[in-house]
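Each remark here refers to the structure printed beneath this line.
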């Protein structure tokens, strides 16, 4: 418990860094973002061989975000997002990945447990038919979970984090919930009765990666592909708070499930993004916890045991005497004049937050690279400091009065830990710059 952390295995979410040449070359990694690897390139005998496609995609995330900003400026002479919202989205993305540093992946652990103890039969791991069947299975499971996340209040309390941005760009794709993975795993378990974990682990990542590039306004329509695939146009509808957009287009990679089950809606009027009742915050901790607090308070304020259960398990728009998903006429009307939450902050403060966020991003990347060599105490210290920093940046960008004091404390903690050797930059030449 007090020594070095164990080497990465199936418990760390995808297994070893191995996997041979398959799925690890830059060209293959790029194609993985678009679910464009063939079965022969991405089939593995064991979970330990499956590459961590998500972690290896981080350079491509950064590249595409930069490309989106450049193209948007060239085409429209404006940027696709704001500094405060972008930092908030990235903070939520980092926050959502921190539990994986400490705990085993519940999605894989639960899947492997069912596979080892209850599987009915075993499909061949190297068959293209198994690969394509798993593609459909993982995407259908995602559709079911995603739909439930909008129609069950307690699940929505976690999922709404992803919808809280009033911008729509590639930053938004990285805005994820900390808690969502602790409910999504059960939807995949039926596949564990016959599909090998190694095949499942590949498609679980591909399904997630595919959804990165569809978070953009730069791509309009994709012709006949719109009938089969989830596209930027379809997903813009899903992120809209216009009445016609609510609870539509749940698909991950494919849009066929929405067409089959009646939840499809084509993009029509200009989409206004965000929640029907905006949270108006850039604090990643507040964005994660405030919806849960709302469910808790509503639960205790609602009379009657059955009504209390309905608060948890019916839709977020439900109330006594209303249908399960609430009344459509209560959805706020969109005028087209909605102004995103954007507190006035001096330009120098935005620059300050941006520079210090880059330092925290470096610290996070260094933590991922060295976590197998760190003691549990050192890992917990770094995670705690990252959480403190992300909360401080959120308060700074809201121009809150307490932000200055918290930021001074944060910087003093950083200097102390850095001088004592608890923090190290992923890039050694930046050491002196960080102290300054």
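Cβ coordinates are placed from backbone N, Cα and C, and glycine is handled just like the others.
Since the structure is predicted, the reported quantities are computational estimates derived from the model, not experimental observations.
Database features (TrEMBL):
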type	residues	note
REGION	1-22	region 'Disordered'
DOMAIN	132-263	domain 'Fatty acid hydroxylase'
DOMAIN	349-436	domain 'Alkylglycerol monooxygenase C-terminal'
TRANSMEM	379-397	transmembrane segment
TRANSMEM	403-423	transmembrane segment
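Residues of the same chain lying 6 or more positions beyond the ends of the transmembrane segment (403-423) and with a Cβ under 8 Å from any Cβ of it are 363, 378, 381-382, 385, 388-389, 391-392, 395-396, 434-435. With a cut-off of 8 Å between Cβ atoms, the residues of this chain six or more beyond the transmembrane segment (379-397) that come close are 5, 83-84, 87-88, 91, 94-95, 98, 101-102, 281-286, 343, 345, 349-350, 352-353, 356-357, 360, 363-364, 367, 371, 403, 406-407, 410, 413-414, 417, 422-423.
Shown for the domain 'Alkylglycerol monooxygenase C-terminal' (349-436): DSSP residue counts in helix, strand and coil, namely 72 helix, 0 strand, 16 coil.
Secondary structure by DSSP for the domain 'Fatty acid hydroxylase' (132-263): 86 helix, 3 strand, 43 coil.
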